[in-house]
């Protein structure tokens with residue numbers, strides 16, 4: 001008991017909120033899901049709520065004589081990168097699976113967002129036998145322009161992987177997304193669920209049979225934007241873990257075992273999936289009491305010990321205001337992803353009355369929940385500069401985000417094309433963006449808790465789908481009134 005009290009005392013100052021009341025988590029949850037409408041590519045439906053967006057990318061895939069319309073633009077540009085898009089989809093699906101009962105009416109909005117992605121991913125997987133399409137748009141040209149997706153005139157180059165040009169990382173992540181989504185739709189659309197799962201199995205087999213990194217196959221088309229820096233074995237473990245959860249087929253358990261133990265990371269992101277796989281597999285050890293997965297439970301707890309402040313093995317920095325700080329570029333992507341894992345592992349711990357040790361300190365579920373809550377509250381405005389890093393949440397939020405469509409006149413107000421360079425006049429102005437991308441979470445503050453709110457500062461001012469996707473689960477947890 002002494003070690004537990006000492007551990008809690010040591011980092012209690014980090015967990016104490018500076019605010020007098022909790023943020024409105026239900027509002028934040030709703031807006032975090034609404035954000036995805038602003039990232040849509042393809043023909044927009046009548047129910048589109050973010051009305052300053054219009055249909056775009058309607059010829060995507062035509063360069064390869066296939067239909068690759070739909071999906072999401074990853075961040076503030078007009079390119080569809082499937083590796084982060086599939087990860088976004090997996091995390092949205094995991095959120096719905098773990099926290100759907102706590103989402104209330106927002107669960108249907110989550111399903112809509114998931115399906116917008118999976119409809120596109122199904123096209124990518126099924127359009128051409130022996131190929132998996134993994135992206136649309138030339139990032140090197142796109143990033144030289146500042147134009148709306150509705151009238152972009154940059155090349156819509158199509159990228160794919162195959163047996164001769166493998167991409168196990170993007171293939172296994174696509175399989176993970178489809179498998180996870182198949183469980184989301186199992187009870188509400190069984191036919192669609194079966195299609196998702198059947199396709200997930202095929203794509204996962206492709207990833208296993210033809211191993212290699214998509215960065216090697218596609219080089220400058222995906223690097224340095226979304227290089228697979230961690231390699232592809234983490235995605236193989238992650239993808240197989242999701243197929244195992246969706247099917248309970250021992251084939252996937254045996255394949256996971258054949259991969260070995262994997263790395264011991266202190267991060268979780270669209271690139272490095274090991275920590276996510278460990279937490280997902282630890283579910284079987286804890287909830288199903290399956291001793292075959294004990295090593296992954298231990299790996300998950302080793303990861304958490306690297307995150308918790310004042311843990312003997314902690315390798316995570318925190319700002320003075322209490323925010324996890326991993327890397328300078330888009331730090332909040334790591335904060336939201338890690339926070340999801342903390343909240344979810346705490347959920348498993350509570351269900352089984354489980355505790356574990358970081359050195360001599362006994363870790364209880366509420367230690368993880370308290371740290372998660374501190375990160376969520378910080379993002380929503382409980383921080384030294386009282387800035388909400390979610391656009392449109394509270395009165396003080398980023399006004400000049402690095403996002404083409406948000407920063408330029410809407411297509412409804414100015415239908416004439418701006419051209420590749422026509423938007424830079426808006427880019428360089430200090431005026432707030434004319435279109436509010438409600439719910440978008442930007443890259444976040446610097447290590448000193450500061451945020452300059454400059455449009456050209458993409459490291460801090462650019463939103464991304466995967467930042468939001470991982471935030472949905474923790475928001476749903478706290479929106480349901482779970483503060484401990």
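From the backbone N, Cα and C atoms, a Cβ is placed for every residue, glycine too.
Look at Swiss-Prot and you will find 1-21 tagged as signal peptide, backed by experimental evidence. If you look up Swiss-Prot, you'll see 77 marked as active site, nucleophile, on the strength of sequence analysis. Look at Swiss-Prot and you will find 402, 453, 462 tagged as active site, backed by sequence analysis.
Here the features listed in Swiss-Prot are painted onto the structure.
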| residue | record | Cβ within 10 Å |
| --- | --- | --- |
| 77 | active site, nucleophile | 24 |
| 402 | active site | 24 |
| 453 | active site | 17 |
| 462 | active site | 21 |
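The Cα atom of residue 462 (active site) lies nearest to that of 402, taking the active-site residues 77, 402, 453 as the candidates. If you take the Cα of residue 77 (active site, nucleophile) and the Cα of residue 453 (active site), they are about 18 angstrom apart, rounded to a whole number.
The secondary structure of residue 462 (active site), as reduced to three states from DSSP, is coil rather than helix or strand. Reported as a whole number, the C-alpha separation between residue 402 (active site) and residue 453 (active site) equals 9 Å.
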